[in-house]
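Taking it in order: structure first as structure tokens, then the write-up.
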Amino acid sequence: MSNFILKPGEKLPQDKLEELKKINDAVKKTKNFSKYLIDLRKLFQIDEVQVTSESKLFLAGFLEGEASLNISTKKLATSKFGLVVDPEFNVTQHVNGVKVLYLALEVFKTGRIRHKSGSNATLVLTIDNRQSLEEKVIPFYEQYVVAFSSPEKVKRVANFKALLELFNNDAHQDLEQLVNKILPIWDQMRKQQGQSNEGFPNLEAAQDFARNYKKGIK
């Protein structure tokens, strides 16, 4: 369990925020994931976790309700077609429940826990490395999570997996596959259509942008 508990409405102390950032900066440089886990346990006073079949089933139930498989797209001038499509797994939790985020790190052996910007004490675990998503996250979902999921969420997992396979086949380097295969999956999976923080308002806008970018029309 975690012995670090905040009261309702209480903010995560600044020293904890700074230490968390320092820990994340360190693992980015060293790639020492074992030390990263140790540092997180120390920071949030988390007891060591044993990964068992039962804990995996517990995590599966939690992820089914709380986690997200997302695909975002944004303009990037240095990319081949002027935009990038980014798949990501994430799950948020109040710091009082940090142990379940830590359990996910132990199970997946990858990921980062950061403070959610603008929140009092919400943490977010993200995994955005495509190889890790394909080799660690998706197999876990297929083995443990989809059995408890709605048809809509099962389809979402399938779409996410299909996107990763397209990336593996370098479809993002081919204009026609980007436009006709990758971007339609992104469009299907968007949860926040019409939000101002999206790179493109709809599928057609993203497709037209990619086509015209290659022609020098931005």
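Note: Cβ is positioned from N, Cα and C throughout, glycine not excepted.
The site 'Interaction with DNA' annotation in Swiss-Prot covers Lys21 (among others). Lys21 (site 'Interaction with DNA') carries a helical DSSP state (H, G or I).
The annotation Mg(2+) 1 binding site is assigned in Swiss-Prot to Gly65, Glu66. Under the DSSP three-state reduction, Gly65 (Mg(2+) 1 binding site) is assigned to helix.
Look at Swiss-Prot and you will find 71-75 (among others) tagged as region 'Interaction with DNA'. For the region 'Interaction with DNA' (71-75), DSSP puts the residue distribution at 0 helix, 5 strand, 0 coil.
Lys80 (site 'Interaction with DNA'): 15 other CB atoms within 10 A of its CB, across all protein chains. Residues or ranges marked as site 'Interaction with DNA' by Swiss-Prot: Lys80 (among others).
Mapped onto three states, the DSSP output places Asp86 (Mg(2+) 2 binding site) in strand. Residue density at Asp86 (Mg(2+) 2 binding site): 14 other Cβ atoms are found within 10 A of its Cβ, drawing on all protein chains shown. What Swiss-Prot lists as Mg(2+) 2 binding site is Asp86.
Sequence annotations record features per position, and here Swiss-Prot assigns region 'Interaction with DNA' to 90-94 (among others). A Cβ distance under 8 Å defines the sequence-distant neighbours of the region 'Interaction with DNA' (90-94), meaning residues of its chain 6+ beyond its ends; these are 6, 62-63, 66-68, 70, 100-101, 104, 116, 121-127.
According to Swiss-Prot, the feature site 'Interaction with DNA' maps to Arg130 (among others). The Cβ of Arg130 (site 'Interaction with DNA') has 15 neighbouring Cβ atoms from other residues within 10 Å, across all protein chains displayed. Secondary structure at Arg130 (site 'Interaction with DNA'), taken from DSSP and collapsed to helix, strand or coil, is helix.
What Swiss-Prot records for His172 (among others) is site 'Interaction with DNA'. The Cβ of His172 (site 'Interaction with DNA') has 20 neighbouring Cβ atoms from other residues within 10 Å, across all protein chains displayed.
The region 'Interaction with DNA' annotation in Swiss-Prot covers 191-199 (among others).
Taking the Cα atom of each, His172 (site 'Interaction with DNA') and Asp86 (Mg(2+) 2 binding site) are about 11 angstrom apart. His172 (site 'Interaction with DNA') falls within a helical segment according to DSSP.
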